[in-house]
Ligand SMILES: Nc1ncnc2c1ncn2[C@@H]1O[C@H](COP(=O)(O)OP(=O)(O)OP(=O)(O)O)[C@@H](O)[C@H]1O
Ligand SMILES: Cc1ncsc1CCO
Ligand SMILES: [Mg+2]
């Protein structure tokens, strides 16, 4: 349930306005997430320390908080940034990396969720884990498929009044009322470490340029899928797929974006 013209509009707006996105993310993802945002037309800033993270959120147009390699000073920075974003009415995205794995991840994700993320972007296992711990899901499955978790994602989105953007072989985006499925991409995409983290950053950028967070999130994932598909036929493996998709993203056509949404 996404109009291809909306995704094309979001794609155009990213390039026309170059939104500044504050990305507080894990060490693994910083390079690819920043490069992916640049290739899409946005402007990344990896500003995380609590002494400046809240202040910087005042300048940024969206914030992304990713718990991939968390530690107390980083969590402090994330909380400062998302609180400042929330107070200013700016969108912010939570990426709950491996949230089910440890108590510290669960507690940190819960503290961030309390501050009302605009979007939660995760894989099926992460979404199922949050849905279960908040009473919106049915149980944890470490290797969950997005299709199996669709109803949990919808319940979670309704319960938290947020958008849930769940990636996998099929990406599923929902605000609890509307649900969109983005199909396609390439089976080697999950072999590119931190591509999901980068997808979260792109969702943040899209939310900065388009007020409807459901439409923005689905559009961002469609744009990424289109770039992956353009790169895939020439890629010899995950290494060349990684750089080729950055190239593809920087020259992506509106038609390619619209085609992914319309299928
Ligand atoms: N089996 C698959 N086939 C095609 N595309 C996939 C598949 N699995 C994931 N993707 C795509 O890969 C990208 C990253 O999503 P993924 O679900 O792997 O994130 P993630 O698990 O959070 O990754 P990471 O933690 O490494 O950042 C998305 O664009 C998604 O659509
Ligand atoms: C590999 C890895 N370890 C912690 S975060 C991260 C990036 C993918 O989420
Ligand atoms: Mg992830």
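Quick reminder: no glycine exception, Cβ is built from N, Cα and C everywhere.
For residue 194 (substrate binding site), the same-chain residues that are 6 or more apart in sequence and have a Cβ closer than 8 Å to its Cβ are 26, 28, 29, 32, 33, 68. Residues annotated as substrate binding site in TrEMBL: 46, 194.
DSSP classifies residue 167 (ATP binding site) as strand under the three-state reduction. Marked as ATP binding site by TrEMBL: 121, 167.
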Close-lying binding-site residues around ligand 2 among 121, 167, 194, where CB distance stays under 6 Å: 194
Binding-site residues: 46, 121, 167 - member with fewest neighbouring CB atoms within 10 Å: 46
Pairwise Cα distance for residue 167 (ATP binding site)/residue 46 (substrate binding site) [Å, integer]: 23
C-alpha spacing of residue 121 (ATP binding site) relative to residue 46 (substrate binding site), in angstrom: 18
Of 46, 121, 167, binding-site residues neighbouring ligand 1, Cβ under 6 A: 167
